[in-house]
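A.B. asks: When I checked TrEMBL for this same protein, it listed these features:
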type	residues	note
COMPBIAS	1-11	compositional bias 'Polar residues'
REGION	1-21	region 'Disordered'
TRANSMEM	39-58	transmembrane segment
TRANSMEM	78-101	transmembrane segment
TRANSMEM	113-135	transmembrane segment
TRANSMEM	234-251	transmembrane segment
TRANSMEM	272-293	transmembrane segment
TRANSMEM	305-332	transmembrane segment
TRANSMEM	339-360	transmembrane segment
TRANSMEM	380-405	transmembrane segment
TRANSMEM	438-466	transmembrane segment
Amino acid sequence: MGPPNSTTVNGSELPPKTTERCEAPRELKGMRKWLSENLMLLVTLSGVMLGVILGFSLRPLQLHEDSIMLISYPGELFMRVLKLMILPLVISSLIAGSASLNARMNGKIALRTLVYFATTSLMNAALGIALVLLIHPGDPDLHNTIDRSTDKRAVNLLDSLLDLGRNVFPDNLFQASFQQAHTVYLPKPSISNTFNETFNETSLVDVDSGVDAQRQDAEPTLIRVIQYRSGTNTLGIVFFCLVFGTFLGTIGEKGQVVVDFFSAIFEVVMKMVTCVMWLTPVGISSVIAGKILSVDDLHMVMAQLMWFILTVTIGVVLYQFVIMQVIYYVVVRRNPFKFYAGLIQAMLTAFATASTAAALPVTFRCMNDKLRVDQRITRFVLPIGCNINMDGTALFISIASIFIAQMSGMTLGFGEIVTVLLTSTAASMSSASVPSAALVLLLVVLTAIDAPVQDVTLLFAVDWFVDRIRTTNNMLGDCYTAAIVEELSRKELMALDAAILYQEIPISTPNGHVSLEGQTELDSTCTMPDAVIVDMNAVINKVQQQQHQHPHHQNGHANHKI
């Protein structure tokens, strides 16, 4: 006996139709639907919680360094895989994103992005100054109990800004893949010093020991030297890819093959990220547990610097849940907390890795797949933001600099506070998206207000934790910037979509002339940057012409309404 839906033709039984056999997939509802949509978030959250529990559970055992290294090893491999994807992701996303926009729109989006970055960094620095002056976490008694090194580094804001320019414009693109320029101070070589050293080595009689002692105590003259240190110069690569993609989009069909190539690379990398993220419980838990176990005296450090950690945490919470949400609602006019909830997975990854760049692949996945932000904007804004936009770093530097000044008993006037505000903002925008980069930039602000530079060593004990808190601010700042820039650029994006949709249809220019396909009469005098006006009469005429030319296509089809 055949299946119930089978039919018989000429005495032979035919199999049932495919459409009759197939059933529509069941739509998940309730808890199953929620679990399906948030499975990756739960996996990431479980990794963070497992790492914290494992780290504090194993601390009483006083494990050997080799054991701690083995516990941290899976997390190290996880971090290396994430960092491996940063460079191809940044290059492909920037070139494909900037090429999909026209040159004038790139300039507008870049200007809006940079203005928003500078504004939010300044707001975070001001928030940090207000909190540290209100809470006053710096205790002068703590200043006398810590061990401080006597190493003073010659660092100033001018060197940081100049190094920023040198890294934006690299002289070798391949070198920028693994090295970045920075300024160091070295003793100035002189002929007299060389001669005296040679003479002292060959002399048998010490003529005047007092002169020798004075010569040894004298500080040598330091000079600026530009050197290269290990680390990807992402800022220079971002600038090159941005310019390359902008000009690539101006050559039309000739460059479409290159655009498709980089778009394919971006899609492949994102698929690789999806596979890697299933290793999150092992990788993130290993990173956090290893970091907790590597701290020598966790209780004493937390007790001494509890008020400093609390001040930074309050600043991060206020910015994330109040200031950032208000800005988003005022500009976008949507529920900001729903947008915030869609970024929890990327935020947990940034918290675990303590690097905005390492969390960039996950950030792309959340912004494009879950929140549906325009990919042309995310590919443009996010790679720039992970190198320039450091909201949490500006907050941390302003709090840490005044905290160290309070420990030293310094009284800061209005001029010093303004100096901290401006230098914290400028230093944060020249920060590298690597763990603990803010401690190096903190020296710039301390030098500007003449605070003791050697006290920075105190913050090394808690920076492993504070760095993770402020990195979430950096990552969220990039995402909210992309959403706000998308809203501010909506007219330009709609005009670009209309131009692509009607690229084969006569288009009316703003001055009333009709520009036909292939016509170059107004090319040198008329540009269409902001709006595209479609001549509907021309659209109807062209459709009617196509129907007269191909009347057989009308059979069996419904009439199209324009």
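Including glycine, each Cβ sits where the backbone N, Cα and C put it.
Fair warning: this is a prediction, and the values are worked out from it, not measured in the lab.
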A.B. asks: Restricting to CB pairs under 8 Å, which listed stretch, 113-135, 272-293, 305-332, is in contact most with the transmembrane segment (380-405)?
C.D. replies: 113-135
A.B. asks: By a Cβ-Cβ criterion of under 8 Å, what residues six or more beyond either terminus of the transmembrane segment (305-332) are in contact with it?
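C.D. replies: Distant contacts of the transmembrane segment (305-332): 123-124, 127-128, 131-132, 135, 137-139, 339-340, 391-392, 395-396, 399-400, 403, 458-459, 461-462, 465-466, 469-470, 472-473, 476-477, 480, 483-484, 487-488.
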A.B. asks: Taking residues 6+ outside the transmembrane segment (78-101), which of them lie with a CB under 8 Å of any CB in it?
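C.D. replies: Apart from its flanks, the transmembrane segment (78-101) reaches 109, 177, 232, 234, 237-238, 241-242, 244-246, 248-249, 255, 258-259, 262-263, 265-266, 269-270, 272-273, 276, 279-280, 282-284, 286-287, 353, 355, 357-361, 364, 375-380, 382-384, 496.
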A.B. asks: Of the stretches 39-58, 113-135, 234-251, 339-360, 438-466, which racks up the most C-beta pairs under 8 Å with the transmembrane segment (272-293)?
C.D. replies: 39-58
A.B. asks: Give the nonlocal contacts of the transmembrane segment (39-58) in its own chain as ranges (CB under 8 Å, at least six residues past its ends).
C.D. replies: 71, 277-278, 280-293, 344-345, 348-349, 351-352
A.B. asks: Could you give the residue numbers and ranges of same-chain residues that sit at least 6 residues beyond the transmembrane segment (113-135) on either side and whose C-beta is under 8 angstroms from one of its C-beta atoms?
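C.D. replies: Residues 307, 310-312, 314-315, 318-319, 323, 380-381, 384-385, 388-392, 394-399, 402-403, 406, 417, 420-421, 424-425, 428-429, 473, 477, 481, 484-485.
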